[in-house]
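S.K.: According to TrEMBL, the record shows the following:
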DOMAIN    175-268  domain 'FecR protein'
DOMAIN    309-375  domain 'Protein FecR C-terminal'
TRANSMEM  83-104  transmembrane segment
Amino acid sequence: MNRKKELLEGLVNNTLTTSELHELLAFIRQGDTGMQELIHEWMDNPAHTGLLTPEREQHLFERVMEQARNAEKPVGKIRKMRIWRTAAAAAILAVVVGGTYVYLQQKQPTHQLAEMANRKPAANKAILTLANGQQVELDSAGNQILKQGNATIQQRNGELEYANSTASGEVTYNELTTPRGGQFVLVLPDGSRVWLNAASSVCFPTSFVKERTVSVTGEAYFEIKQDASRPFIVHTTRSDVQVLGTAFNIMDYAEEQQQTTLVNGAVKVLAGGNAVLLQPGTMARLQSGKLTVTNADVNMNTAWKNGQLYFTGQDAYAVLRQISRWYDVDIQLKGRLPDTRLGGLMDKNVPLSAILEFLNENGITAKLDGSTIIVTGD
């Protein structure tokens with residue numbers, strides 16, 4: 001127990017070496033009950049309240065997250081997020097007593113909660129609208145094969161894949177739409193993959209000829225098959241993105257500032273007669289018709305693709321909008337919200353009741369009324 005206490009105090013005092021930090025994270029990953037008890041004792045001690053300055057909290061948060069991400073390297077095309085997420089969970093709890101950053105643990109309710117309060121976010125569900133207007137409901141449980149002209153459309157395990165699709169005659173367009181609280185993966189005729197976030201849509205041809213062109217609203221993450229002879233273009237409501245072979249994220253919700261984040265490769269973003277070329281790890285923002293390029297927090301901007309809601313230093317209004325889309329709830333504001341910057345890392349299994357608890361603990365009075373979260377400010 002003494003060793004665990006030394007490691008915990010070293011974390012807070014910022015005196016841990018890298019090897020000691022790995023040792024601490026190992027205790028947490030293993031679900032060590034002694035470490036969990038120490039963390040909660042530390043947090044419940046009034047003498048520790050306010051011990052950490054905002055600058056220290058920010059530094060420790062970034063250091064823990066960086067080390068935890070390195071706890072397991074990517075394997076193939078799948079990034080295994082579980083281990084570093086679990087490692088970071090309790091570590092963040094330990095270092096953020098001041099409340100600037102809060103990790104939401106999945107808690108078992110001590111009493112029976114209403115179905116709405118137990119709602120989980122971002123399930124695999126969508127609607128496919130065919131060129132003739134026919135609509136097909138999709139979910140994670142369904143497995144079906146559709147024929148559309150010479151194209152074979154296969155749905156399985158939360159993915160929709162177009163195969164054997166070659167151009168013949170007039171090109172037809174389909175649209176995949178996710179509701180609030182939904183998400184889905186689309187494999188395009190050329191093998192490119194699109195992850196569609198909640199309250200989003202992608203319109204695409206059933207076959208690609210010369211140019212590969214799709215249209216997106218809401219938010220989507222792309223992994224594009226390289227084909228220099230056929231450029232890939234994404235149209236949004238406010239800009240166009242030209243691609244060769246790359247991975248990137250586009251957020252184009254009407255109520256948000258548009259952002260295009262490049263993970264790898266290269267893309268060109270065009271809007272209002274202006275164009276910017278992105279490098280990996282940067283993003284283009286579009287505001288008042290003007291494009292600007294800044295460094296991006298790629299992990300945060302693409303966390304939704306891995307079933308996470310991750311934000312750092314965001315205002316309460318932005319966080320509430322994300323919660324509304326993820327959990328399919330309306331937000332009713334009464335009064336002005338406090339000027340609070342929130343941070344958190346939420347797993348997709350966190351129920352809505354835990355979200356309400358998180359908001360209330362951070363000075364945002366929120367309660368659930370049917371399918372509406374009522375938020376009371378000043």
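Using N, Cα and C of the backbone, Cβ positions are placed for all residues, glycine too.
A TrEMBL annotation is a machine prediction, not a hand-curated record.
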S.K.: Please list, for the domain 'Protein FecR C-terminal' (309-375), how many residues fall into helix, strand and coil according to DSSP.
M.R.: 22 helix, 28 strand, 17 coil
S.K.: Averaged over the domain 'Protein FecR C-terminal' (309-375), what pLDDT does the prediction give?
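M.R.: The answer is 88, the mean pLDDT of the model over that range.
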S.K.: What are the DSSP helix, strand and coil residue counts for the domain 'FecR protein' (175-268)?
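M.R.: Per DSSP, the residues of the domain 'FecR protein' (175-268) fall into 0 helix, 55 strand, 39 coil.
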